[in-house]
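In what follows, a single structure is set out as structure tokens and then discussed.
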Amino acid sequence: MGNLNKEIRDGDHPDITEERLKSTFDTHKMAAQIYNSQRAADRRNEITSAVLKIPELQDIKPLPFLSREEKVEEAARKIGILSEHLYDLVNVNDGAELYHLNNVVIGGEGNPLALHGVMFIPVLQAQATDEQKKKWLYRAMKREIIGTYAQTEMGHGSNLRKLETTATYDKATEEFVLNSPTTTSMKWWPGNLGKSTNYAVVVATLIINEKDYGPHSFMVQLRDENTHKPLPNIEVGDIGPKMAYNATDNGFLKLNHLRIPRTNMLMKHVKVEKDGTYIKPPHAKMSYSAMVHVRAHMNNTMAYFLASSLTIAVRYSSIRRQGHINPKEPEVKVLEYQTQQHRLFPHIARAYAFSFAGAETVRLYEKVKKDMESGETELMADLHALTSGLKSVVTYLTMQGIEQARQSCGGHGYSMASYISEIYGIAIGGCTYEGENMVMLLQLARYLMKAAKAVKEGKKVEGLVGYLSAPDNRHSLIDRTPEKSYDTYLKTFEHIARQQIFRAFDKLEKMLTSGLPHSEAWNKCSVELTRASRLHTRLFIAQAFARRVHDVVDFHIKEALDDLLHLHLNYELLDVASYALEDGHLCGEQMNFIRSELYRSLGKIRPNAVSYVDAWELSDMELRSVLGRRDGHVYENLYKWAQNSSLNRTDVLPVFEKYLKPLMMSARKNSKL
Ligand SMILES: CC(C)(COP(=O)(O)OP(=O)(O)OC[C@H]1O[C@@H](n2cnc3c(N)ncnc32)[C@H](O)[C@@H]1OP(=O)(O)O)[C@@H](O)C(=O)NCCC(=O)NCCSC(=O)CCCC(=O)O
Ligand SMILES: Cc1cc2nc3c(=O)[nH]c(=O)nc-3n(C[C@H](O)[C@H](O)[C@H](O)COP(=O)(O)OP(=O)(O)OC[C@H]3O[C@@H](n4cnc5c(N)ncnc54)[C@H](O)[C@@H]3O)c2cc1C
């Protein structure tokens, strides 16, 4: 039998090998849990190995040393080479394989086809008629054309109903006239709109006979297919550098009375007839499908970003020695400090939890997508509520986890050699894009308030909110039942979410009864409402984690996941415990129990810490981090990495003669006077 941790190699830093030898589970079998099948986990490694054999696909130098222009060019160069090898490397119909290939070869900073795959193709798949698919989708899939999703404007992103771009139907010519009437109506932010794409699905307010029908999707050709020059009546460009994600050309677009054929409106579910008759879709929000597509997949991308940062931080913490626990013994690995464990391990548990919650969400999404094809829309509201809450909670907690990972690496965490700051910058975009987090929490709150109302009216609610009408214990049974049971924890989470949902509901009702208009009352309750949404979502995440552990068959994997789940439940409960203390559901004694279980959990996780992150099987090529190197040889490589700095090309920089020398000379002259 070989080593359980599959990352062990000769020549690795002994401190990291020591960690890996302690593993109680097979890291590749754990990868099968993370990536949802053994086959998917195998394929990731096969793809990585194949990529490593193609020299042109390697980074020309560490990405932090490239300028923005070089980053854009480098990503495009790799896309070109990848296209030649694509069919040998991956199954192009498998989104997970494509995602992995992108992460290994190009990384998270973006590429000219980022939005093409993430939104342009999905929106055509969901909203184009068969005829339109023939015209654009198949060409897009073959990459004959490159597209994006242009919805957000300079003045409006969250409130879609106030988009200023208009698509006015002209019955005489059977065309739509697309227009950006003001500066604020310019499309602003769409990924790859600036320089890479030649087509876009543009979301504009549909006007027929002066009547406003709200946001609809239109196919617009932006650039000549051969020269790539913008077509007449179109102004398009890059919006400039961002916090991170700078290999992507997020762009602006101004349309000046641009005429497009009637048949360029995406009409699978909604129609405008030649004579201007409007035929409604089966569900008013069907055209929002591309956003729901991304939101449904965000749990997994966030889990990936979080796991990447933790892989870097935990590996580094196992070779970084500083200070003593026992003064008579050598300096310890910083991973021995309880504070370091407390800083990192709960986030490892979250990364796993997000991945498991993500798998359930994608399953529901696939079902709804299939239903929608046949006009069935019943589950759309559930999916919208679930994905709205998850995208908000998961992006926010990921942000916290990545920042803790950075701080846990001390000074070197602040260097781009750790690469954590880039991962952070890319990940936190998710708090904003696909619906600003507060806005999306309030969307979920609408759904929760409806459910609460139904319960108050004596109706039984089911599914994701079923717990609202389930019996509740006045006091939590944590520490009060003989057997160790997650059920008592989950029931406590249920209680907390239920109480907060009804608290927000009662507050809202009271204001409404006092005569306040609904929108004002809603605004005055909105902090309470977002709290309710967060607690509901965190309950779902904990439940999804428990469901997965329950389903695992392999004993050692189950045991290792069980340890993580135990940590998760205790840590998360402490984080939200004030809600349960408020109404006496938990008492001080139980809080002590939860805290001591948490500390016990940290000790239990400790020997497997490196293996838990290794199980994500993130190669050095995709991590792009000196601190996170698989072999643990950080210090000599930090020194090598710094040699890339262009400041080191000469011993004396021109600024010395220009500014520093005169400054020092004049200071010396003055001191002689
Ligand atoms: C906030 C909302 C959802 C509000 O929708 P609205 O139509 O303006 O408001 P309303 O008429 O009051 O409707 C609310 C009602 O519509 C329902 N609803 C909303 N969306 C959906 C859905 N997808 N499925 C099913 N139902 C949906 C809501 O549940 C509400 O229902 P209710 O009235 O409570 O029964 C919308 O404006 C919105 O989605 N805003 C966020 C904009 C956004 O996400 N933009 C993303 C741009 S693309 C991007 O960022 C790409 C980045 C990707 C990358 O770089 O990787
Ligand atoms: C990296 C990145 C990539 C992007 N890619 C694309 C893309 O490809 N295509 C595209 O079309 N767009 C894209 N966007 C735009 C993005 O979708 C929007 O920025 C996002 O939806 C937020 O909208 P906003 O900018 O209007 O924020 P605002 O709504 O102006 O938010 C500002 C503040 O107002 C608050 N607020 C707004 N409305 C409400 C409300 N009703 N209740 C309570 N609070 C509220 C928010 O919570 C926030 O605190 C991208 C953005 C980023 C950062």
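Note that Cβ sites are derived from N, Cα and C of the backbone, with glycine treated the same way.
Unlike curated entries, TrEMBL annotations are predicted automatically.
Because the structure is a prediction, the values reported are computed rather than measured.
If you check TrEMBL, you get these features:
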{"type": "DOMAIN", "residues": "26-146", "note": "domain 'Acyl-coenzyme A oxidase N-terminal'"}
{"type": "BINDING", "residues": "T152, G191", "note": "FAD binding site"}
{"type": "DOMAIN", "residues": "288-449", "note": "domain 'Acyl-CoA oxidase C-alpha1'"}
{"type": "ACT_SITE", "residues": "E434", "note": "active site, proton acceptor"}
{"type": "DOMAIN", "residues": "487-664", "note": "domain 'Acyl-CoA oxidase C-terminal'"}
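Counting Cβ atoms from all protein chains shown, the residue listed as 'active site, proton acceptor' has 25 others lying within 10 Å of its own Cβ. For the domain 'Acyl-coenzyme A oxidase N-terminal' (26-146), the model's average pLDDT works out to 97.
With the fewest other Cβ atoms inside 10 Å of its Cβ, the least crowded of the binding-site residues T152, G191 in this structure is T152. Cα separation, T152 (FAD binding site) to E434 (active site, proton acceptor), rounded: 10 Å. For the domain 'Acyl-coenzyme A oxidase N-terminal' (26-146), DSSP puts the residue distribution at 88 helix, 0 strand, 33 coil. Of the recorded residues, the residue listed as 'active site, proton acceptor' and G191 (FAD binding site) place their C-alpha atoms 12 Å from one another.
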